[in-house]
Amino acid sequence: MSPPKHLTGDKAGIEEFLSRFDVFLFDCDGVLWSGDHLFDNVAETLEMLRSKGKQLVFVTNNSTKSRADYKKKFDKMNIPAKVEEVFGSSYSAAVYIARILKLPGPKNKVFVLGESGVEQELDAEGVSYIGGTDSAFRRDIEPEDFTNLANGSALDPDVGIVLSGLDFHVNYLKLATAFQYLQRGAVFLATNTDSTLPMAHSLFPGAGSTGAGLVKAIGKEALSLGKPSQAMMDAVEGKFHFDRSRTCMVGDRLNTDIQFGIEGKLGGTLAVLTGVSKKEEFLAEGAPTVPMAYVDALGDLLG
Ligand SMILES: O=C(O)[C@H](O)[C@H](O)COP(=O)(O)O
Ligand SMILES: [Mg+2]
């Protein structure tokens with residue numbers, strides 16, 4: 001395998017690289033921004049790609065926001081984008097539950113560990129749920145909770161799925177409730193399992209970390225519907241109908257974004273060094289996941 005091409009400062013190399021693709025799948029956190037801090041020249045770079053006739057799709061594992069929320073974020077950051085161009089892990093999970101898993105009613109209700117983005121996308125797919133941002137779960141567990149969870153009186157008999165996403169309000173009561181549903185045979189799904197979340201130019205526990213306690217307790221991994229899951233790639237391709245050989249995945253994380261593109265047999269992958277992964281990780285001898293090319297920051301594509 002040839003070493004990844006460093007495109008920063010290589011105008012001709014950038015031109016040649018961009019000419020290979022008609023579609024760019026863009027990761028968001030760590031590539032476009034860190035939280036609410038937009039990286040330099042992102043809007044200009046996306047505009048340049050659009051001016052070259054490239055199709056852009058925003059494929060994010062951040063399940064805290066819905067597609068509509070992301071549209072608001074793009075607008076707030078003055079980045080021209082359409083809601084139809086966003087494909088987040090909360091949408092991926094909701095589509096999977098509603099259109100693929102399709103558990104027979106009434107046991108198709110979801111217990112959510114996650115934020116509003118998951119709830120909005122489940123609503124959009126007509127999937128009923130409990131938990132999530134419900135303030136009733138934002139309290140300490142009490143002695144009677146153990147009894148009522150154990151005897152099932154505190155459980156909703158229609159819950160057949162536990163969906164674990166990035167939850168900024170995870171606590172023991174929510175974990176204990178989710179665990180009891182899983183013990184009773186609920187299907188275990190995750191929007192994504194990223195270990196860390198790039199925010200404020202630093203790293204914080206990600207969805208995979210806020211859900212790790214449940215995985216440890218129940219003794220099995222959830223089926224993840226976020227990158228690098230190819231269920232997500234199939235869903236994205238099914239919606240946008242692109243030629244995989246003319247499509248490039250752009251991301252900051254090797255074990256989600258770049259792996260997603262490689263396993264999806266896309267025409268190429270481009271790593272961006274403003275998020276989670278460091279170049280040493282993929283330049284090292286025998287590195288398991290190596291992008292086709294990389295830039296120090298997305299804006300470097302302006303040449
Ligand atoms: O923990 C998470 O959920 C992820 O770190 C985060 O949200 C990743 O978002 P992405 O980089 O896929 O836009
Ligand atoms: Mg990212």
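Glycine is no exception: its Cβ is also placed from the backbone N, Cα and C atoms.
As recorded in TrEMBL:
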- ASP27: active site, proton donor (ACT_SITE)
- ASP29: active site, proton donor (ACT_SITE)
- ASP27, ASP29, ASP252: Mg(2+) binding site (BINDING)
- LYS227: substrate binding site (BINDING)
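Between the candidate recorded positions, ASP27, ASP29, ASP252, the densest Cβ environment within 10 Å is the one around ASP27. In the three-state DSSP classification, ASP29 (active site, proton donor) falls within a strand.
Same-chain residues that are not part of ASP27, ASP29, ASP252 yet have a Cβ within 8 Å of the Cβ center of the Mg(2+) site turn out to be CYS28, GLY30, VAL31, LEU32, THR60, ASN61, PRO198, GLY251, ARG253, ASP257, VAL272, GLY275, VAL276. ASP29 (active site, proton donor) sits 13 Å from LYS227 (substrate binding site), taking the CA atoms of both as reference points.
Cβ neighbours of LYS227 (substrate binding site) (same chain, under 8 Å, six or more residues apart in sequence): ASP27, VAL59, ASN61, SER89, ASN192, GLY251, ARG253, THR256, ASP257, GLN259, PHE260.
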